[in-house]
Amino acid sequence: MLRNSTFKNMQRRHTTLREKGRRQAIRGPAYMFNEKGTSLTPEEERFLDSAEYGNIPVVRKMLEESKTLNFNCVDYMGQNALQLAVGNEHLEVTELLLKKENLARVGDALLLAISKGYVRIVEAILNHPAFAQGQRLTLSPLEQELRDDDFYAYDEDGTRFSHDITPIILAAHCQEYEIVHILLLKGARIERPHDYFCKCNECTEKQRKDSFSHSRSRMNAYKGLASAAYLSLSSEDPVLTALELSNELARLANIETEFKNDYRKLSMQCKDFVVGVLDLCRDTEEVEAILNGDVNFQVWSDHHRPSLSRIKLAIKYEVKKFVAHPNCQQQLLTMWYENLSGLRQQSIAVKFLAVFGVSIGLPFLAIAYWIAPCSKLGRTLRSPFMKFVAHAVSFTIFLGLLVVNASDRFEGVKTLPNETFTDYPKQIFRVKTTQFSWTEMLIMKWVLGMIWSECKEIWEEGPREYVLHLWNLLDFGMLSIFVASFTARFMAFLKATEAQLYVDQHVQDDTLHNVSLPPEVAYFTYARDKWWPSDPQIISEGLYAIAVVLSFSRIAYILPANESFGPLQISLGRTVKDIFKFMVIFIMVFVAFMIGMFNLYSYYRGAKYNPAFTTVEESFKTLFWSIFGLSEVISVVLKYDHKFIENIGYVLYGVYNVTMVVVLLNMLIAMINNSYQEIEEDADVEWKFARAKLWLSYFDEGRTLPAPFNLVPSPKSFYYLIMRIKMCLIKLCKSKAKSCENDLEMGMLNSKFKKTRYQAGMRNSENLTANNTLSKPTRYQKIMKRLIKRYVLKAQVDRENDEVNEGELKEIKQDISSLRYELLEEKSQATGELADLIQQLSEKFGKNLNKDHLRVNKGKDI
């Protein structure tokens, strides 16, 4: 017995000295954190050592037997036993400590366990009575501190993490799916921050008190909201939530520029989440669910197509990888060749023949669609591909008319500006020039058809959405200029007609050569060189030229349909944006030198070899064409011997050329090259995104016939008009019937019995509806549940497949340490039991030996 106790004491002393030696070696330089006069008793030191290294038997024995132990004592870093046990992943020690009442720092231990991903320890801590009501999980450490509560405190100096970090936010930051799920079941949620420009009392007070902490708290909240773990587990529609959140974060990146990179990273994180969910789809039904939203309300038929609401939202928010994903593109391609499934697999030659056939027979196809819009041919024409071909062919014909309208002047001007030709001697010259030709009449019909199409688009999308698309602005500008041009031309024609009417009524001669006419009438007989600069016909011709240029530039709209020209069109658009950015600096430098050179030479008008810089207009022309090397150095030379002015002019002109040509133009070239490289590096995604935008404009119902065939209403249009009138009448009748029913119900409620019966019936119907809603999840919800399950499982597998890091090695080391103490305890118990057995055996055999010895002695005596 003495030998056994001696062995135990030697073993315990050896273990304790070894532990103290290890801790002393680690802690040595850090005793500076201790306050003066504070120290631990040997019992507390041993207790903290046992908790840190997972010595379960010692911790259990000290908690059960010691009367003087302070289990909330802290070490040199201010950590108590619970924090040390959690930090080293000792679940059994943590469970033993959580059984004690008035245990401190439970909240910090929870945050520590979440940050390290210790799920079982998190579950054990959440079962603590402190989290019974759930309020601890909804309040941030700062709010707890304001309530004079150090629940989340790391030590007396503050919290381990930021004051606004709640357990659910920390779990979301760490992408701990299981912990996030546990906290969500406990009722924890991440509150979405208020709008950046919110002026409520709470936001105003936080901004006034500490603007930096307010911004950081918003950033931490958005980091939690944008985490894949929180998005996938907290939202009923994770795809929609992620898309909207990505747009909000992108908007905040432009507002809070100090956190621009952080917000952009979070926005990209949301976009990657959406792409990851789409990548896990296994069949068409799941792809449709993501692209369209709730598939229960999507009807595939001849008259209805899926809404593609998620794709429209992704295009609006520029989630390019989502739109360019193969699953999304395959679905869009299927819809693009709707009712033309055989054409999809055909060669380019066959497709070209189909396009050529549509080009030749477009008028006949339009007539057939007017007569039978619901026939097989009508359904074929309503397919997106055929609508695209029809509109492209129509616009090509329109461009051809513009070319034909100018063909009479291709060989050069047949009449000089000072010459006039008329059909008969008494005809006024302007009547002949202002008449509309047959090509111009056709152009006007096309313009009216395009205006009607744009009006329908504005009616369907709304003015705000319409303005957001740059191509719509181009169409609006082009059509507006055409209308202004034709209006000015028509006004000139009216004035000329009035003059011709005056001549027909008041002039009796056969010719107008020797006739004295009033000035307002004689003006319309003059040749072009005598027209006023503000003449309506001159204005009309200038506007018409601008409209023609815009019309041909609109060809770029259909270029994304081709894989070769699509990236070039995207690069061109990006180049235009770069030029607009460059124009800010360009205009600033240009105006500075223009005003400076004008001030220098404005006093020398007529005293220069050319009029450069003598007026603002001449200064503009000289400096602008100097960029392209079309201005001469003689522009700064004076006829007088004013060398100082000339030298200043030479210097300014030279500095201007160096600044504009050498510096700024090369900077513009570098910007354009950089934009092109960005497009080229991700050309496939950029092109597919642009092509999807083009396709989507033809997926909507309506606008089947292109201009000008859309000006003639089809029988289908009359049918839809009648149906809309019918629906309006039905709604009106229902509203009247509902008002009568409400009056009747009010009469019923006057009776107590009827009132009770009415309320009971309403309650039963509401309960039945609620039960049906709760018991039957929608088809969309089932699909999203499957996809989110796959996403979570994939995320966990990817995380497990990562290389073993230093933290995991440390966890293994702590497990081995805890196992060592358990083995030592079992060994000690086994040694004690063996010593007891040996003692019992020795006692038993000792008695038997004594009896035999007595017998032998008695025998000798006898």
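Even glycines carry a Cβ here, placed using N, Cα and C.
The membrane topology recorded in Swiss-Prot splits C455 and E632 across the two sides. Looking up T15, T204 in Swiss-Prot, the residue bearing an annotation of phosphothreonine is T15. Swiss-Prot marks one residue of N418, N514, N562 as N-linked glycosylation site, namely N514.
Within its own chain, the repeat 'ANK 3' (108-134) has Cβ neighbours under 8 Å at 82-83, 86-87, 89, 91, 94-95, 98, 151-154, 159-161, 165, 167, 170-171, 174, 176, 178-179, 182-183, 186-188, 807, counting only residues six or more beyond its boundaries. For the topological domain 'Extracellular' (373-383), same-chain residues at least 6 beyond its ends with a Cβ under 8 Å from one of its own Cβ atoms are 302, 337-340, 365, 390, 701, 704-705, 714-716.
Per DSSP, the secondary structure of the repeat 'ANK 1' (42-71) breaks down as 22 helix, 0 strand, 8 coil.
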